[in-house]
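A quick write-up on the structure given underneath.
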Amino acid sequence: LLLFLFLFFFHQGTQDNDTRAHGDEEHQQGNSTAHRKAFPVLSFNYEYVRKPFEISLWILLALLMKLGFHVIPRVSHVVPESCLLIFVGLLVGGVIKAIRQTAPVLDTDLFFLYLLPPIILDAGYFLPIRPFTENLGTILVFAVVGTLWNAFFVGGAMYGVCQLEGGQLRGVDLLSCLLFGSIVSAVDPVAVLAVFEEIHINELLYILVFGESLLNDAVTVVLYHLFEEFSHAGVVTVADALLGGLCFFVVSCGGILVGAIYGLLGAFTSRFTSHTRVIEPLFVFLYSYMAYLSAEVFHLSGIMSLIACGVVMRPYVEANISHKSYTTVKYFLKMWSSVSETLIFIFLGVSTVAGPHAWNWTFVIVTVVLCLVSRVLGVVGLTFVINKFRIVKLTKKDQFIVAYGGLRGAIAFSLGFLLTGNKMKDLFLTAIITLIFFTVFVQGMTIRPLVELLEVKKKRECDGSINEEIHTQFLDHLLVGIEDICGHYGHHHWKDKLSRFNKAYVKKWLIAGDRSTEPQLLSFYNKMEMKQAMMMVESGGVFGQNERKNTRLITVISKSREMEVRKMLHSNMQKNRQRLRSYSRHDLMMDPFEDDVSEVRFRKQRVEMERRMSHYLTVPAKRPEPPPSVRRVAFEPAHRVYTYDDGEGTPVEARRNASNPVSLLNESGRGFQEEEEEEKEEEQFKALRRLSDPGPKS
Amino acid sequence: QQQQQQQQRRHYEELAHKSGFSTEQIKNLHKRFRQLSGNKETISRANLDSIPALANNPIKKQIIDAFFDKRNQRQDDEVGSLEEIGLEQFLMVMSHFRPPAHKSGEEERQAARRQKLRFLFNMHDTDGDGIITLVEYRKELLSKSGAIGHQAAKAIADAAMLEVASTNAPHMAPDDFYEGITFEHFQQILKGLEMESRMHIRFLDVDTTTMRCGKATS
């Protein structure tokens with residue numbers, strides 16, 4: 001609230017100051033010849049910083065609002081954040097209008113060039129590939145056929161209604177209606193993300209709706225340009241329609257191609273960045289942004305290009321860049337996309353109040369109703385067809401969620417804003433805004449209780465475990481084998497071929513050093529080890545109980561000691577920072593590397609841990625087999641890892657030095673404990689220093 | 001000719017009843033069976049071994065063994081392996097990879113999942129004692145791409161066993177020894193993977209050209 005007041009007092013002030021500043025200058029000019037003015041100790045020059053100042057102020061306002069919502073937990077449980085932000089935008093817009101300033105409107109350039117790309121890149125870079133490719137057929141059908149159906153149905157029906165209604169609406173011709181239909185038909189990724197992230201729905205539904213919202217961009221772009229051209233030309237021929245169809249393929253495949261090229265370039269570049277780690281994240285961002293802009297130059301689908309770039313780039317870049325860079329990329333993407341999303345919704349609210357409106361009851365109501373109806377019909381009809389080809393059929397519940405989750409958002413608004421020379425623009429804009437408000441508010445707010453009510457499956461909470469990874473890979477090989485035995489070149493066969501091609505050729509070019517030959521299982525295992533190790537250091541303890549789902553280490557101690565240990569751990573944990581897992585896309589998962597592991601703290605913790613380990617862990621008795629619960633790895637300055645379980649000291653192949661795990665568990669103390677404590681501490685300390693700045697094996 | 005056809009149809013129906021495939025699918029699979037066996041009545045390991053596409057598969061041996069494993073015939077606790085298999089046994093093994101039926105109830109899905117997991121379990125449990133021990137686990141990981149390397153495979157297998165032990169037997173006393181993964185534990189750790197919807201291939205009903213004969217054995 002204070003910020004509001006501050007904001008527009010400033011505006012008021014600036015108006016006066018502007019004139020005053022000008023006056024001062026002239027005055028100065030005039031006076032300099034006459035007599036020297038006293039040297040200005042303190043002067044006021046707002047014009048100089050006006051633009052950046054205002055931008056920063058807006059962003060700050062948006063973020064403070066976001067902060068404010070989380071302070072009031074009750075509201076944010078019921079109302080999704082997007083709604084609250086629009087509401088704030090409305091307020092701000094109202095305030096600005098009241099003081100008769102010109103509000104900044106959601107300028108189309110601003111939206112498409114600056115606000116949208118971060119969100120899409122964030123979504124594309126972290127797109128879960130496996131479910132996406134498994135459901136690609138379904139997603140494509142929904143995106144292409146569904147959007148086409150929506151556009152034509154809404155457009156056609158609107159035209160019919162307009163003709164029937166008469167009056168003000170009679171002037172709306174078919175092409176304008178179709179144009180309008182194409183604008184409102186597309187499901188919006190920003191809105192979908194904003195709402196779906198909060199309800200934690202299961203992966204399949206999430207990827208269906210979200211994937212659809214991404215891929216329908218191509219359709220939207222083509223339809224929009226098509227109808228816009230036609231509405232200027234006035235007459236449509238069959239050739240034009242065919243060209244439109246061709247255009248669709250060009251737009252989508254071209255977009256993907258552009259994105260893939262930039263992605264490969266980015267991956268290739270990241271191969272050589274081992275000596276300049278600091279600028280690595282920039283490459284990721286810039287190549288992706290260039291992909292988006294290049295696609296936009298040719299009127300190709302920028303969104304698809306961006307997604308393709310992120311998807312192609314990711315596996316190779318992640319293998320090449322340092323862990324810190326990876327964290328930076330993750331953080332920055334989340335940060336930018338969060339800010340963008342917030343700004344978009346606020347601006348939406350502001351523009352609503354500011355923009356010229358032409359309210360027509362019939363038009364608006366019919367739009368909303370038609371959109372809902374066409375969405376439901378489209379989803380149901382398409383699912384009926386799709387289910388014939390799917391193994392895992394979509395149930396009625398799934399269909400309902402998919403239909404209900406088709407939210408419209410800021411893209412529709414911007415496209416509407418982009419309309420030029422269309423006499424119906426205001427009318428359309430009003431309807432679009434109403435539709436957006438309806439979907440975001442009504443559907444956004446009610447989807448959470450509906451999900452609870454219908455008992456839709458939620459997202460799995462746990463991370464991947466090493467067993468699941470092993471067996472997933474095993475299953476892949478198995479299914480390929482069975483397909484080969486059947487002589488059946490199915491889905492698995494081609495996937496296997498692609499991954500083998502990838503391993504044989506592509507990885508060699510795009511991944512630096514010997515990591516190109518690292519098998520997937522090994523890198524997964526390394527990642528997990530690292531995570532567990534850091535988590536262990538973080539919590540100052542080794543004992544993963546089932547509460548901390550991420551730790552899967554066990555200890556073999558008796559019950560009474562377990563209690564003591566638990567008590568101690570509990571008190572220790574309370575001292576350490578406890579990060580709650582809040583449910584927003586923009587919160588990062590608990591990433592141990594985030595903390596700046598200061599040396600002193602680390603050492604203290606290590607000492608603490610050592611002491612505890614030697615006190616409270618019993619030594620498992622001699623076992624016939626090398627026991628699974630017992631292992632120890634230690635460090636060696638020469639970047640090697642020794643495993644002690646068999647008593648042999650043969651070194652493992654040197655892996656990338658950064659991934660050496662810290663000791664997992666205390667061991668069957670074959671006399672190792674005492675001697676090794678000091679040196680272990682030393683080495684692990686060294687190792688952690690290495691960990692915090694991983695470079696290549698030099 | 002008529003008699004023969006009728007007999008065959010009845011044979012197929014019987015097989016369909018036992019394995020759960022449709023007669024169309026059985027016809028196609030029979031065709032493939034005959035290709036693999038060189039028009040003989042049974043398939044031996046050598047026949048499967050010589051499929052060229054399987055050569056790249058890191059778990060080729062385990063897959064082939066699975067076909068000859070008696071436990072996968074659902075014949076109630078028979079262990080050991082067969083030398084050769086006939087069409088019926090071939091179909092029984094293949095039936096583990098059927099896609100889930102559309103309108104299956106919860107029980108049927110659980111049963112299907114159990115069956116598929118049992119198949120996987122049998123593939124790991126090479127000595128047939130009902131437990132996957134650490135040694136077996138390690139061996140299996142080692143075989144799966146030599147690129148992993150001996151020590152790393154051991155480390156991974158150890159960590160995996162550790163995980164299973166921790167999720168299934170968290171309160172072991174100090175002197176306990178974790179034997180190995182039993183079938184219940186196995187089911188538990190793979191609970192999240194939803195096997196019934198992932199472990200399947202498409203057996204097409206119609207006789208399409210995807211059943212390519214070109215690369216089959218001769």
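All positions are counted from 1 along the displayed chain.
Quick reminder: no glycine exception, Cβ is built from N, Cα and C everywhere.
Annotated signal peptide per TrEMBL: A:1-15, in sequence order.
Feature annotation from TrEMBL assigns domain 'Cation/H+ exchanger transmembrane' to A:59-452.
According to TrEMBL, the transmembrane segment annotation covers A:78-99 (among others).
Tertiary proximity for the transmembrane segment (A:111-127) is limited to same-chain residues at least six positions away from its ends with a CB under 8 Å from its CB atoms, namely 189-190, 193, 210, 214, 284-285, 288-289, 292-293, 296, 302-303, 306-311, 313-314, 329, 333-334, 336-337, 339-341, 343-344, 347, 410-411, 414. Per TrEMBL, transmembrane segment is recorded for A:111-127 (among others).
Counting same-chain residues at least six beyond the ends of the transmembrane segment (A:139-162), those with a Cβ under 8 angstroms from any Cβ of the stretch are 132, 169-170, 172-174, 177-182, 184-187, 207-208, 211-212, 214-216, 218-220, 223, 362-363, 366-367, 370-371, 374-375, 377-379, 381-382, 385-386, 402. Residues or ranges marked as transmembrane segment by TrEMBL: A:139-162 (among others).
As annotated by TrEMBL, transmembrane segment applies to A:174-192 (among others).
TrEMBL lists A:204-227 (among others) with the feature transmembrane segment. Away from its own ends, the transmembrane segment (A:204-227) comes close to residues 120, 123-124, 128, 131-132, 135-136, 138-140, 142-144, 146-148, 151, 175, 178-179, 182-183, 185-189, 192-193, 196, 240, 244, 247-248, 251-252, 255, 299-304, 307, 392, 398, 401-402, 405-406, 411, 415, 456, 459 of its chain (Cβ-Cβ under 8 Å, at least six residues beyond either end).
Nonlocal intrachain contacts for the transmembrane segment (A:239-265), taken as residues 6+ away from its ends with a CB within less than 8 angstroms of a stretch CB, comprise 215, 218-219, 221-223, 225-226, 230, 287-288, 290-291, 294-295, 298-313, 510. Feature annotation from TrEMBL assigns transmembrane segment to A:239-265 (among others).
The transmembrane segment annotation in TrEMBL covers A:285-312 (among others).
Outside the transmembrane segment (A:333-355), and at least 6 residues removed from its termini, the chain residues within Cβ reach (under 8 Å) are 58-59, 61-63, 65-66, 82, 85-94, 96-97, 102-106, 111, 114-116, 118-119, 121-123, 125-126, 190, 193-194, 285, 409-410, 413, 429, 433, 436-437, 585-588. Residues or ranges marked as transmembrane segment in TrEMBL: A:333-355 (among others).
What TrEMBL lists as transmembrane segment is A:361-389 (among others).
Residues or ranges marked as transmembrane segment by TrEMBL: A:401-421 (among others).
The transmembrane segment annotation in TrEMBL covers A:427-451 (among others). Only residues 6 or more beyond the boundaries of the transmembrane segment (A:427-451), in the same chain, are considered here, and those with a CB under 8 A from a CB of the stretch are 78-80, 82-83, 86, 172, 180, 183-184, 191, 194-195, 198-199, 201, 348, 351-352, 355-360, 363-364, 367-368, 371, 401, 404-410, 412-413, 416-417, 419, 458.
Annotated domain 'Sodium/hydrogen exchanger regulatory region' per TrEMBL: A:553-625, in sequence order.
Positions annotated as region 'Disordered' by TrEMBL: A:643-698.
Under the heading compositional bias 'Polar residues', TrEMBL lists A:657-666.
Same-chain neighbours of the transmembrane segment (A:78-99): 4, 7-8, 11-12, 61-62, 65-66, 69, 191, 194-195, 198, 341-342, 345-354, 437, 440-441, 444-445, 448, 584, counting only residues six or more beyond its ends whose CB sits under 8 Å from a CB of the stretch. Averaged across the domain 'Sodium/hydrogen exchanger regulatory region' (A:553-625), the predicted model reaches a pLDDT of 46.
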